[in-house]
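Among the features that TrEMBL reports, domain 'G-protein coupled receptors family 1 profile' is placed at 40-289. Look at TrEMBL and you will find 24-48, 60-81, 101-120, 140-158, 198-221, 242-260, 272-291 tagged as transmembrane segment.
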Amino acid sequence: FTSSNHTINKFVLLGLAESPDVQLLLFGVFLLIYVFTLLGNVGMMTLVGTDPHLHNTPMYFFLHHLSFTDACYCTVIMPNMLVSFISRNKDISFPGCVAQLYSFVFFGIVECYLLAIMAYDRYAAVCSPLRYVVMLPKTVCVWLVSASYLLGFLYAAIYTGCTFGGPFCNSNVIDHFFCDIGPLLKLSCSDRFLREKVIFAFVSLNGISTSGIILISYLYILSAVLRMRSVQSRSKAFNTCASHLMVVSLFYGTGFFMYLQPSTSHNGLDKVVAVFYTLVTPLLNPIIYSLRNREVKEAFMRHMK
């Protein structure tokens with residue numbers, strides 16, 4: 001990052017509300033969300049990690065990493081946000097803002113690729129059940145997850161470099177509740193056209209490649225389900241995929257709304273949408289997977305005995 005950036009040594013996050021009473025209410029709401037998010041995702045990781053049947057199944061190996069990513073993803077944002085609600089201190093240091101943006105993008109990218117991998121996993125389970133273990137042996141699963149983390153590391157460096165690649169001399173007030181790309185670029189006083197185009201290109205590449213894998217996988221799954229004669233088989237296939245589809249819809253729907261529109265189109269609705277993909281989605285993911293998944297319920301009951 002250029003030395004001219006250091007004309008600003010801290011940022012001020014405006015957050016979600018200015019009224020002290022509303023902030024106190026929001027503190028209670030978001031503290032509950034954070035506690036249940038950690039309980040749900042750490043609980044899912046523990047269940048998958050300790051149950052031999054789940055641990056040795058590719059789907060749950062990927063789910064274990066999705067839960068880890070979700071727990072980290074909201075932890076990047078939530079503690080700082082909770083402190084600002086009760087301390088009234090909305091400051092975040094320049095290095096802290098860089099670290100928050102990098103970590104947020106890193107875990108967000110990893111989640112995109114994990115959801116795409118899980119769509120392929122569902123394709124293998126529904127369309128080639130007899131070859132499922134052959135198509136996804138342990139070594140391939142480990143390689144796919146490792147590639148997700150590596151891509152997250154590289155893309156996060158690109159996005160963070162582009163965002164902080166120019167001086168901030170207009171203002172240090174970020175109209176958001178965390179350090180995000182769009183609000184930070186608005187504060188740049190240098191020409192940000194090229195940096196915005198690079199970010200848009202890589203967001204499009206990530207979004208199109210991962211959502212494309214998901215779409216193609218589900219087209220094959222739909223074709224296979226329509227050929228099934230047994231109602232029971234169709235129902236089983238639907239239940240196998242429903243949880244993943246719900247998670248994908250939540251994450252990609254809100255993510256595309258935020259990052260595939262020009263910076264001039266952003267408005268006050270952005271904060272509401274951001275709450276969904278940064279805080280609500282990590283809360284709902286373990287709930288969706290546990291409520292709609294018979295194997296998870298059975299594993300939970302075994303541990304309760």
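Glycine residues also receive a Cβ, built from the backbone N, Cα and C atoms like all the rest.
For the transmembrane segment (24-48), the partner stretch with the most Cβ pairs below 8 Å, chosen from 60-81, 101-120, 198-221, 242-260, is 60-81. With pairs at least 6 apart in sequence, the transmembrane segment (242-260) and the transmembrane segment (60-81) have fewer than 3 Cβ pairs within the 8 Å limit; the two do not touch. Where the transmembrane segment (198-221) meets the stretches 101-120, 140-158, 242-260, 272-291, the count of C-beta pairs under 8 angstroms peaks at 101-120. Ranked by the number of CB pairs under 8 Å to the transmembrane segment (101-120), the listed stretches 140-158, 242-260, 272-291 are led by 140-158. If you look at the transmembrane segment (272-291), the same-chain residues 6 or more away from its ends with a CB under 8 A from one of its CBs are 16, 30, 33-34, 36-37, 40-41, 43-44, 63, 66-67, 70-71, 73-74, 77-78, 104, 176-178, 180, 243, 246-247, 250-251, 254-255, 257-258, 297, 300.
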